[in-house]
Amino acid sequence: MAVESDPPPPQPHPVIALTGVAKSFGAVRALVDAGLELHSGEAHALVGENGAGKSTLIKILAGLYRPDAGHIEMDGEAVAFTGAADALAAGIAVIYQEPALFGDLTVAENLFVGRQPRGRLGRIDRAEMRRRAAALFERLGVALDPDRPAKGLSIADQQLVEIAKAISLQARVLVMDEPTAALSGREVERLFGAVDALRRKGTAILFISHRLEEVHALCQRVTVMRDGRRVSTDPIEAVTTDELVRRMVGRDLSAMYPHRETEPGDVVLRVEGLSRTGLCRDIDFTVRAGEIVALAGLVGAGRTETVQAVFGIEARDAGRVSIDGRELRSGDPRAAMRAGVALVPEDRRQQGLLLDLSILRNATLTRRHRLSRLGFLTGGAERREAAEWTGRLHAKYGRLTDPVGTLSGGNQQKVVLAKWLATGPKLLIVDEPTRGIDIGTKAEVHRLLSDLAADGVAVLMVSSELPEVLGMADRVLVMREGRLVGELARPAATEEAFMRLASGQEHIGEVRS
Amino acid sequence: MTTVADAPDQTPSAGTGSTALDLILRFRALGLLLALAALIVITASVNPRFLGAQSIRDLLFAAAVTVLLAAGMTVVVLTRGIDLSVGSTLGLSAYLTATALSSGTPVPLALLVGIGAGAACGAVNGAIVHFGKVPPLVATLGTLYVFRGIVYFTAGGSRVNASDLPRGFLDFGSGAVLGVPYLFIISALVLAAVAVFLSDYRAGRDLYALGSNPEAARQTGLPAGRRLMTAYVLCGALAGLGGVLYAARFGTVDASAGYGMELNIVAAVVVGGVAIFGGSGTVLGAGLGALLLTVISNALPVLRIDQFWQQAIVGALILAAIALDRLVGLRAARALRRKASHVD
Ligand SMILES: Nc1ncnc2c1ncn2[C@@H]1O[C@H](COP(=O)(O)OP(=O)(O)OP(=O)(O)O)[C@@H](O)[C@H]1O
Ligand SMILES: [Mg+2]
């Protein structure tokens, strides 16, 4: 979506300026020499690889971390924040990469916690709070009940609550750390609309994203970070996407969608008549050895629900799933794992990782049995294994024994991938494999997937990124409203063909080759 | 289908309106009331004297202190904490109050001494937990012994007798209006005040937020330290008030007052539906839990059931309460998931 960029009037001082900021966690130097200037009425993009230090920088801005060196100025005056409350009081609102809601409180209370509207005797005015919450959601076009508890919201909805909360703060500076990673196209558009309205009223915006198209659509200026340092700051028109990528990665990028022609082998996965009440119906498909099949569709089409039923995380209500001709028991992921199926889930924090355990443990969790000798975990084998896979994925970390929770968002995602790739699966199911992963690693993940396919692994991929789907898949299965509505084979798989099927403008789109 | 709130003018009850969560909580209170009623009916059918004025008065006397302490404990448990030192705090406060009174201190001042001592104990707990970053279980287990040690040290084996205390104080302690002891009325009023504080004031809601997700609380800039201190000081002050009530009721106070009381209080809170990991529950539930446990311990002798069984029944109740929470939680989660999956 395009946003006209009216050049902001020249200002004497940036609203906020960080210079020479450094921050280390033990031996990990997250920030070495970072800097940033935000101007009123301007949207500023911050881009960089996973682990470049983006989230750390904004946590300093938000008062959550104290920098080891460097200074922060607001309106030309030095400031020091000792907690989130300070930064909030100074007018800085932050949407963090990982939404953190209060599960036991209602959605409305989550929006207004600490600043609930008060009535007589200082008591909380719940009716008013609900009214404001509803108004806010209406403005953002979000269909959420303010009175429901926040527990159990999908990541997208959690993210929307965080966005609504930050917007309602009417801050002078609005910081957004990958707010769009879990959102659908429509929601992103609404978010951008709301953010742009704020910007026109003079709010300074800081926007972090790995989707460079979004950066171009929303922002007027862009700062690139690499290894904890500022590489450059430019007006957005002055740099091409390729140039941005080169600065982020520090080298030229290999092909984004390496595709190898492989001769598909035997059928590995066969799904017949799979149904889950209210979620998906009568799904039939197969995946062969050496083949990459994408399950595509708009958000909410039932793709995640389908793969979860295939893997057995959720029981199916009808239908058969078989691996190499042997049927899998419904609702039994262990059986699926034993049969050689691996699933990399969509929501890494809740389903994929034990945040307090080390990277080592997490990366090898699924392999424990094979690595143990005489019932003991053999440290050496475990370590080698973890080092190999995290290395192949360019995961950036201090030591393998650090808790996974201390990794950057994208690097956590890589550990989840490593964990499942290490099982050496026959069928690899990946749900949004590159969400939150930087562009360099994205190409790497793609190369890895096609290598695996070339080695005879059957790959089933769910992705909301159309270029990824079209670039990687041998066949694209299109879902809409819980049903499989068509199949596109490689040459016929184009954006228009997909959109026609996914949005329901054409029913019989089967092009088999 | 999720709908955006359509009827904003439903009378906002003390709770959170008509959310699923709220229903469950109210349902929980209802369940406790039913259990209470059933127990009373059964016991009374065995021995009608159980419903006699004297018997009810005894029961309410016994419940007064438990309910009060359960309210305080709830406030702490909501923040993911626990206060194991409430029994010792009560003992300290009771002893100090009684000593003060016996040496001629006016009653209002002695009352302040008792509550103040409790609040000070609470402040010590809060400081160890917040500034020392010691897990509440460990911190208050330590102060349980420390506070009790202080009582033993100051009392040194002596005790304060009822005859040393002013008449008016003792009369108040054993007095009742319409068959309801003054002490119980005080507890009930305090409980109501704490309930309003927790549900209708920002500071109270912050306690739920802190227990629900400490990391998010930090990101939101909630004043975690201040709130934790408030919770522990409030809990201590209520235990202190409990000590005053204890002295008023028994008149005779020695160093062992309130010994071993803490686990009963924790049990009452858990049975009352307050999540031991923080974030959810109400003082009303905790109060009902305390009442239920008191009724059980008064009813069993009437039913001629062994003392031993009392322990077992309390244990079973705790397990049932936790199992119920799990079940309700799972159901609610499933219902919410289903609801959520229809949104987009
Ligand atoms: N609390 C912490 N303890 C230890 N190391 C940390 C901590 N927080 C961040 N790091 C490290 O600092 C580096 C920068 O992390 P940061 O989260 O800022 O990256 P990022 O640029 O936001 O990456 P992504 O795009 O993946 O979100 C990483 O190497 C990370 O492991
Ligand atoms: Mg980040």
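Note: Cβ is positioned from N, Cα and C throughout, glycine not excepted.
Curation does not apply to TrEMBL; its annotations are automatic.
Proximity of distant same-chain residues to the transmembrane segment (B:27-47), defined by a Cβ-Cβ separation under 8 Å and at least 6 residues beyond the stretch ends, is recorded for 271-273, 282, 284-285, 288-289, 291-292, 295-296, 299, 302-303, 324, 328. Taken from TrEMBL, the feature transmembrane segment applies to B:27-47 (among others).
Counting only same-chain residues 6+ beyond the ends of the transmembrane segment (B:59-78), those with a CB under 8 A from a CB of the stretch are 86, 90, 136, 180-181, 183-184, 186-188, 190-191, 194, 198, 207-208, 210-211, 231-232, 234-239, 241-242, 245-246, 249, 261, 264-266, 268-269, 272, 274-276, 278-283, 286-287, 289-291, 293-295, 297-298. Sequence annotations record features per position, and here TrEMBL assigns transmembrane segment to B:59-78 (among others).
Within its own chain, the transmembrane segment (B:109-131) has Cβ neighbours under 8 Å at 81, 83, 85, 88-90, 92-94, 96-97, 100-101, 139-140, 142-143, 147, 169, 224-225, 228-229, 231-244, 247, counting only residues six or more beyond its boundaries. As annotated by TrEMBL, transmembrane segment applies to B:109-131 (among others).
Through the fold, the transmembrane segment (B:137-155) approaches residues 82-85, 87-89, 91-92, 95-96, 99, 121, 124-125, 128-129, 254-255, 257, 259, 262 of its own chain, all at least 6 residues removed from its boundaries and within a Cβ separation under 8 Å. Positions annotated as transmembrane segment by TrEMBL: B:137-155 (among others).
A Cβ distance under 8 Å defines the sequence-distant neighbours of the transmembrane segment (B:176-198), meaning residues of its chain 6+ beyond its ends; these are 14, 53, 56-57, 60-61, 63-65, 67-68, 71-72, 74-75, 78, 204-205, 207-208, 234, 238, 241, 245, 248-249, 282-284, 287. Marked as transmembrane segment by TrEMBL: B:176-198 (among others).
Annotated transmembrane segment per TrEMBL: B:231-251 (among others), in sequence order.
The transmembrane segment feature in TrEMBL is assigned to B:263-296 (among others).
The transmembrane segment feature in TrEMBL is assigned to B:308-328 (among others).
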Given a Cβ distance threshold of under 8 angstroms, which distant residues of the chain, six or more beyond its ends, lie next to the transmembrane segment (B:231-251)?
61, 64-65, 68-69, 71-73, 75-76, 78-79, 81, 83, 85-86, 89-98, 101, 110-111, 114-123, 125-126, 129, 160-162, 165, 169-170, 172-174, 183, 186-187, 190, 194, 207, 257-258
